[in-house]
Amino acid sequence: MLDSKLLRTELDETAAKLARRGFKLDVETIGKLEEQRKSIQVEVENLQSTRNSISKQIGQLMSAGDKEGAEKIKQQIGSLGSDLDVKKIELDAVMAQLDDIILSVPNIPADEVPNGKDENDNLEISRWGEPKSYDFELKDHVDLGEMGDGLDFASAVKITGARFIVMKGQFARLHRAIAQFMLDLHTEEHGYTEMYVPYLVNADSLFGTGQLPKFGKDLFHTEPLTEKASDEEPRKLSLIPTAEVPVTNLVRDTISDEADLPLKMTAHTPCFRSEAGSYGRDTRGLIRMHQFDKVELVQITKPEDSMNALEELTGHAEKVLQLLELPYRKVLLCTGDMGFGSHKTYDLEVWVPAQNTYREISSCSNMWDFQARRMQARFRRKGEKKPELVHTLNGSGLAVGRTMVAILENNQEADGRIAIPTVLQKYMGGATHIG
């Protein structure tokens with residue numbers, strides 16, 4: 001969340017920056033609440049000061065033997081205490097209203113982020129690789145998977161429902177190989193530590209990374225557990241929409257040493273999304289699923305290092321595509337297409353031949369101190385007593401299912417076989433083709 005000081009001391013400037021995102025900050029309401037807060041705060045401080053001053057008189061009166069006078073002072077202090085309690089309740093109520101507003105406010109975009117309404121206003125930064133030309137009729141990944149008896153959507157519908165998949169044989173192995181290759185690359189060459197994390201998280205974790213309270217409808221939630229451990233309340237947990245949630249929350253409520261930063265972590269997990277609001281979009285194939293695998297990259301940095309870290313992290317995701325020899329483009333998201341908590345985001349879009357277009361395969365974001373403030377994730381500089389908020393970054397390195405789509409479609413041959421990228425062949429038992 002944003003620093004509340006910005007809303008107290010730079011309200012108009014903050015509103016103007018948020019307006020670039022198409023977000024209208026309720027300046028009038030915030031201004032009124034801030035005036036109330038300051039007024040009540042002054043009353044609280046005056047009451048505390050008066051109470052403290054009068055309290056000193058009790059000892060003096062008792063020393064002088066004036067018990068009656070001391071008793072009157074005690075009654076006066078009791079009355080002041082009651083007034084103080086009332087004012088504290090009023091102050092808490094105003095602060096709660098301000099907090100509710102702050103939680104609904106997105107992050108401020110970086111100055112270099114282009115203004116825009118949606119994906120059509122994103123800025124293309126670069127392209128890598130050239131889409132192939134084919135002298136035969138292209139098939140999409142669904143047809144290729146069904147021809148090879150490797151993608152079984154019908155069984156998934158029977159077992160669960162739409163937007164799920166059953167993979168078999170060499171297709172399942174390819175899916176596993178892609179994830180293993182990504183993990184090996186990021187841990188052995190890019191300096192990340194592999195993490196195994198829970199796939200179910202609590203509300204505090206989802207709040208920390210910004211999914212709650214605003215985006216609860218996008219998640220799959222468990223029902224409260226009926227079994228209780230001792231006298232604990234039943235827990236409501238949620239399936240992770242991305243490994244960003246559990247991995248980033250590893251630094252929640254912690255103070256890291258400056259020497260330990262940056263922290264670079266990666267995890268391969270399934271991800272679960274309800275895809276609320278996407279009815280009718282990408283209903284065919286693996287592009288938009290309720291359950292999909294992803295290798296996530298997370299970095300925790302010092303504030304002055306986070307922008308360079310974003311370039312590095314994005315480059316790590318790009319390296320995966322380059323080694324797989326998949327054409328892609330890199331775009332800088334405009335203000336209207338950025339995620340709620342993002343300060344700056346690059347998307348990588350891979351070429352999908354059957355759709356004759358580029359599709360998102362990775363989103364790499366610098367969240368600035370937005371998540372860190374929610375999580376109270378801090379670090380302490382050498383020689384300093386007061387800790388500072390870290391900066392958090394995350395990105396897909398990559399989405400496994402969409403990578404598989406790109407491999408199947410870009411590497412298809414006239415006879416329906418799929419050429420396995422060279423870097424994956426050792427994970428496929430030396431096979432060069434599927435089919």
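Glycine residues also receive a Cβ, built from the backbone N, Cα and C atoms like all the rest.
The following features are taken from Swiss-Prot:
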type	residues	note
BINDING	Thr242, Ala243, Glu244, Glu296, Ser396	L-serine binding site
BINDING	Arg273, Ser274, Glu275, Glu360, Ile361, Ser362, Ser363	ATP binding site
Measuring Cα to Cα, how far is Ser362 (ATP binding site) from Ser396 (L-serine binding site) in Å?
5
When you tally the Cβ atoms that lie within 10 Å of each candidate's Cβ, which of the binding-site residues (Thr242, Ser274, Ser362, Ser363) has the highest tally?
Ser362
Going by DSSP, is Ser362 (ATP binding site) sitting in a helix, a strand, or coil?
strand
In angstrom units, rounded to an integer, how far apart are the Cα atoms of Glu275 (ATP binding site) and Ala243 (L-serine binding site)?
17
Just the number: how many Å between the Cα atoms of Arg273 (ATP binding site) and Thr242 (L-serine binding site)?
9
If you measure from the C-alpha of Ser396 (L-serine binding site), which of the binding-site residues Ser274, Ile361, Ser363 fall inside 10 Å?
Ile361, Ser363
Cα proximity to Glu244 (L-serine binding site), best match among binding-site residues Ser274, Glu360, Ile361, Ser363:
Ser363
Spatially speaking, which of the binding-site residues Thr242, Ala243, Glu296 is closest to Ser274 (ATP binding site)? Use C-alpha to C-alpha, please.
Thr242
Enumerate same-chain residues with a sequence separation of six or more from Glu360 (ATP binding site) and a Cβ-Cβ distance below 8 A; give 'none' if the list is empty.
Asp347, Leu348, Glu349, Arg402
Between the binding-site residues Glu244, Glu275, Glu296, where is the Cβ count within 10 Å the lowest?
Glu275
Sorted by sequence, non-Thr242, Ala243, Glu244, Glu296, Ser396 residues with Cβ within 8 Å of centre, L-serine:
Val245, Val247, Ala267, Thr269, Cys271, Lys294, Val295, Leu297, Val298, Asn394, Gly395
If I take the alpha carbons of Glu296 (L-serine binding site) and Ser363 (ATP binding site), what is the distance between them in whole Å?
10
Maximal Cα-Cα distance (Å) across residues annotated as binding ATP, namely Arg273, Ser274, Glu275, Glu360, Ile361, Ser362, Ser363:
19
Measuring Cα to Cα across Thr242, Ala243, Glu244, Glu296, Ser396, which the record gives as the L-serine binders, how far apart are the two most distant ones in Å?
9
Kindly assign Glu275 (ATP binding site) to one of the three DSSP-derived states: helix, strand or coil.
coil
